[in-house]
Amino acid sequence: MTDPDSTSPAPDPQQPADPQPTDPGRREVLRQGALLTATALGLGGGLTLLTRRPAPAEPAPDPQTAAGRVIRPTGPYDTQEAMTGYRDMTTYNNFYELGLGKDDPARHAGALPTRPWTVVVDGEVKKPVTLDIDTLQSWFPLEDRIYRMRCVEGWSMVMPWFGFPLAALLRRLEPTGAARYVQFTAINAPDKLPGQRPWVLEWPYTEGLRLDEALHPLTLLAVGLEGRSLPAQNGAPLRLVVPWKYGFKGIKAIVRMTLTRTQPQTTWALAAPDEYGFYANVNPAVPHPRWSQATEQRIGESGRRPTLPFNGYGEQVAGLYSGLDCGGTSKWRAARPPMRGSVQASCWAGYSPPFSCCGTR
């Protein structure tokens, strides 16, 4: 088997059926929501036992009045499962720029300035751009996607996003023949974001995908959740959704996308290289070094359920990794540069499961 972290070109993804776009009224929802983001999103949720649901610091909105209409898409764009409740989706979050606790992102949501917001796309692309988020959203029809989300900590949700395929943006800007990967960079504002003031991770948060992963039809740039503008605690105004990977790959509050020739370094692979690899595909057969990935706790349910390979999207994405040893780590570890600053053990002492974002080798 070949090394999954090599820089050789990868095969083209299989294309599932085209999704159905949302109604045009979504754009007005986004425009109105952007004006309220800084003041209306102070909800609550804490980095506690992952089976323990913390009470919000402030009452969460009633899902019947806070959320908008969701158009159920077709094919792989809908899991045909019950969606997680809006309160849970918006008060039980990992977004370390806003704090380490599950409730911190909702509590500190007003600290994230989502307008004005500029997005840069550069690197190995023929048409690099710098544009504001509202212009970017106007380029594409917005689509509903109801996806499973699986965190490496052992919990999961079913989340109704809306946004546009990353492939639509990349194809419009035309990657060069040398492009092999996409690196994503999140906001870096320690003067505003409380989670960036202590030294926990190296900021800004970065992530990456292979180009064929980025071009896959399931890969989404989300701008909304359950029919309304994306809440700050869920990564407003622009976040990545890659449903077959552990949740840490879904970088939030994106400000830059850079197409590269070589595999980019990513935040968690630098922080804990023995625990977090580049691919981070959901795999129940490969445990995290400190816990099993065979089962998961669906938030809002009792008991645990089996975890599905590729989070249930194997039919669509398994072909991307044909011949690759995505479970092995020996070559990956040997090829990785020395850590530039791992997460201090004191940062996760006392937590269960240990402090982590999402994703294993």
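Cβ from N, Cα, C; glycine included.
The structure displayed is predicted, hence computed values, not measured ones.
Feature annotations, courtesy of Swiss-Prot:
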type	residues	note
REGION	1-29	region 'Disordered'
SIGNAL	1-57	signal peptide
COMPBIAS	10-22	compositional bias 'Pro residues'
REGION	49-77	region 'Disordered'
BINDING	Asn93, Tyr96, Glu97, Cys151, Asn234, Arg239, Gly250, Ile251, Lys252	Mo-molybdopterin binding site
Sparsest-packed among the binding-site residues, when each Cβ's other Cβ atoms within 10 Å are tallied, from Glu97, Asn234, Gly250, Lys252: Asn234
All-chain count of other Cβ atoms within 10 Å of Asn93 (Mo-molybdopterin binding site): 26
Taking residues Asn93, Tyr96, Glu97, Cys151, Asn234, Arg239, Gly250, Ile251, Lys252, which bind Mo-molybdopterin in the record, the widest Cα spacing (Å, whole number): 17
